[in-house]
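According to TrEMBL, the feature signal peptide maps to 1-25. The domain 'DOMON' feature in TrEMBL is assigned to 56-168. Positions annotated as domain 'Cytochrome b561' by TrEMBL: 175-370. Residues annotated as heme b binding site in TrEMBL: H214, H247, H280, H316. Sequence annotations record features per position, and here TrEMBL assigns transmembrane segment to 215-233, 245-268, 280-299, 344-364.
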Amino acid sequence: MNLYSSVSFIFFTFIALQILPLTIQQSAESCSSTLPLNDLTFNSSLLQCVEAWTRQNYILRYARTAENTWTFILSAPDSSVFIGIGFSTNGQMIGSSAVVGWLPPGGGRGQAKQYFLRGQSPGEVTPDQGDLVIVNGSLKIESVSSRLYMSFQLTAETPRQSILYAKGPAGFFPSSPGFMLREHQSMTTTTINYNTGSQSVVKGSPHSKLRKTHGLMNMIGWGILIIIGAIIARHMKQWEPTWFYSHIAVQITGFLLGLTGIICGLVLENRTNASNVSTHKALGIAILVMGGLQVLALLARPDKESKYRKYWNWYHHNIGRAMIIHAISNIFYGIHLAKAGSSWNAGYGSAVGILALAAIVLEVRKILNK
């Protein structure tokens, strides 16, 4: 029985290893592959080909097939997802018009629609809208040899050169009546030269550096240095007057970095026309106001013997605590809005965790030494 099982296992493993490359070969494609579509209304030899998204094996074929008429055929592995191609004026998703297609499992009829991407949330991606002039009856999608082929024709002198590609979440397909999309699981942005067929991948969005600077300045300024300054003031007073000057230096540095971060955020909002940052912006301005009040409090700091000192201490301490709580919350909220990923959450969360642990240890030590 054991010998029979071993022989059977080896046999079926051998068969599987023979079938697997055939399956992969069926779903994989390159520009040297023959286009397996038979109902084309133009000469397929006119098509130029670009390996548009190598990681996802997206292949784009295109040609100017008539005066001011461009034909596009996007192919991708049929992995039970929707596929999308967007045309952008500035390389950004927001403001782009996209063609999205899908083929439901079970032999359902494929569907493809134009969508206008007026925002990043699903509710801001509107079906049957956009500024692409699609030739009537040209938009369709089909599956051949485990690949999706979405074809359409645009009326344009020259289509936009910034092209976005998207792959939808596994197992989700838009349905009537709303045909709402869910957030894609991955995407990329490229620029293409239609004359030469050359393409370059855009490394991040045009505003990625500004967005990263905005996040880092706020994170380091409001979210780390301000906390360190508070810990110095709370637990280092035995080193007079070093603690005081250290506290001021750290807090002013944190305030200036945070101010820089907020200015970057306002510039970023203006350049991207972001529509979902009102709460994040309001919290940021509130944090800036509280930080400014803390700086002004330094100028109005009464002497230790003054009867107003206790009120100043109450004001200074509680405004500082409120500012720290709001800053930490808004930083995590900003990471969420930017879809920066788990690495940013983990990195900043670790920093806050270390600072919190240090504060707790120092607080316990202070209580025990009383």
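Cβ atoms are placed via backbone N, Cα and C, with glycine included.
Any TrEMBL annotation is an automated prediction that lacks curation.
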Residues satisfying Cβ distance under 8 Å from H316 (heme b binding site), sequence separation of at least 6: Q294, A297
C-beta crowding around H214 (heme b binding site), within 10 angstroms: 24
Secondary structure content of the domain 'DOMON' (56-168), with strand meaning DSSP E or B: 4 helix, 62 strand, 47 coil
Recorded heme b binding residues, H214, H247, H280, H316 - maximal Cα separation rounded to whole Å: 28
Whole-number mean of pLDDT values that fall within the domain 'DOMON' (56-168): 92
CB contacts for H247 (heme b binding site) [other CB atoms within 10 A, all chains]: 20
Chain-internal residues, separated by at least six, CB under 8 A from H280 (heme b binding site): G265, N330, Y333, G334, L337
